[in-house]
Amino acid sequence: MAQQQTGSRKRKAPAVEAGAGSSSSQGLAAADGEGPLLPKKQKRPATRRRLVHYLKGREVGARGPAGLQGFEGELRGYAVQRLPELLTERQLDLGTLNKVFASQWLNARQVVCGTKCNTLFVVDVQSGHITRIPLMRDKEAGLAQAHQGCGIHAIELNPSKTLLATGGENPNSLAIYQLPTLDPLCLGDRHGHKDWIFAVAWLSDTVAVSGSRDGTVALWRMDPDMFNGSIAWHSEVGLPVYAHIRPRDVEAIPRASTNPSNRKVRALAFSGKNQELGAVSLDGYFHLWKARSTLSRLLSIRLPYCRENVCLTYCDELSLYAVGSQSHVSFLDPRQRQQNIRPLCSREGGTGVRSLSFYQHIITVGTGHGSLLFYDIRAQKFLEERASSSLDSMPGPAGRKLKLACGRGWLNQDDVWVNYFGGMGEFPNALYTHCYNWPEMKLFVAGGPLPSGLHGNYAGLWS
């Protein structure tokens, strides 16, 4: 693979803390799930936890670690069902940044985010401290000036959490950073995309795929020689340098006869079990590729709801893709000709589904109206609020859909806000991104105002 190197006058970013216990490239779908997951209000001292494990093992007649693992699995399932109603919000101050589009947990304290104003930063959810990460620049740096206003739409960590993929200063280019230091490793700016990158998915620790507004998906392979430090730093002046790489494969999605100009790739999701890559395009189609050393398209399916299909996630346990649209979440099993799970309606005033994530049988839905909803795939219904009739009774369903309403965030009250929106005092934020840290039982949620002309942000830690 031909490589070129570029220097960047970047101060070295502080190393992020090791030991991340968070959701990965598919949000909830790949959360680590280490240890028993107890709601915070029900945590017990370690000695009491061990006693509970022992007694539970005796109760079911189990012996050894297998019994404990089974009980921990039960606890994890219980936590998945009960956690949403136990969460409370603490808003984070992001200053004047504009609309957070993407986020991922790096460890128990730090979340990396990308914004519409093309800012890549790490926020410490405990202290609120923000560290900006310099963006990588194309070999032809002037090209980035023509793409103001796009921003960073995707951030994904590889399975081992040693590499981070996102956009460069030019949103057409794929940037790869090393973790935990966030040193620049390489930039995919050669013979790649001709328009903005909207989505990224990792196929393995060294292979990533990007989806673009130009209607293509590109497969990138990171050379192992990049990791040995031989090209990581300029030996004389100490400037970080990075390789410039080209994709191993580029595939165009088929043109739909109904709207051939709107075949923009909006979201990607990878099935590790089947080694298949799913993609959603804005012309209302779902596409599936076999992902090996190259991409081989298997099928394209017309989606039942075709407007604003902007998010996609996959659940390995259920072998299901979930697609978020303007008013619905559709479920797809590419191996079934007849889909058995009916679409769910978000019923949020037509503001759309803006973010999705799976964990076990629960799907979390971030809406364009500033709320989080939780849907149980097995029961095929939304989680409901719980109400207790007395102190001695177990809480039961109250019959109302469980909805977490996010705070106001920050809104720039500029001329656009005054002239076009009448100076509305309350303006809900679209929840463009959310990610779970299951071992810490935390949920990071972020976004900003839905209208493109408004400038603002929201970020909150739910725990």
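Cβ from N, Cα, C; glycine included.
The annotation region 'Disordered' is assigned in Swiss-Prot to 1-48.
Among the features that Swiss-Prot reports, compositional bias 'Low complexity' is placed at 15-33.
The repeat 'WD 1' feature in Swiss-Prot is assigned to 89-137.
Positions annotated as repeat 'WD 2' by Swiss-Prot: 138-184.
Mapped onto DSSP helix, strand and coil, the repeat 'WD 3' (185-252) counts 5 helix, 33 strand, 30 coil. Here Swiss-Prot flags 185-252 as repeat 'WD 3'.
When Cβ-Cβ distances below 8 Å are used as the criterion, the repeat 'WD 4' (253-297) is approached by residues 25-26, 195, 198-203, 209-217, 219, 303, 306-314, 316, 319, 321, 323, 332, 334 of the same chain, each at least six residues removed from its ends. For 253-297, the entry in Swiss-Prot reads repeat 'WD 4'.
Among the features that Swiss-Prot reports, repeat 'WD 5' is placed at 298-341. Among residues of the same chain six or more beyond the repeat 'WD 5' (298-341), those with a C-beta under 8 A of the stretch's C-beta atoms are 26-29, 199, 253-254, 266-274, 276, 278-290, 347-348, 350, 352-358, 360-361, 363, 365, 375, 377, 380.
What Swiss-Prot records for 342-401 is repeat 'WD 6'.
The repeat 'WD 7' feature in Swiss-Prot is assigned to 402-445. The average pLDDT for the repeat 'WD 7' (402-445) in the predicted structure is 89.
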Its residues classified by DSSP, the repeat 'WD 2' (138-184) shows 7 helix, 14 strand, 26 coil
Counted with DSSP (H/G/I as helix, E/B as strand, rest coil), the repeat 'WD 4' (253-297) has 3 helix, 23 strand, 19 coil
Grouping DSSP H, G, I as helix and E, B as strand, the residues of the repeat 'WD 7' (402-445) number 7 helix, 18 strand, 19 coil
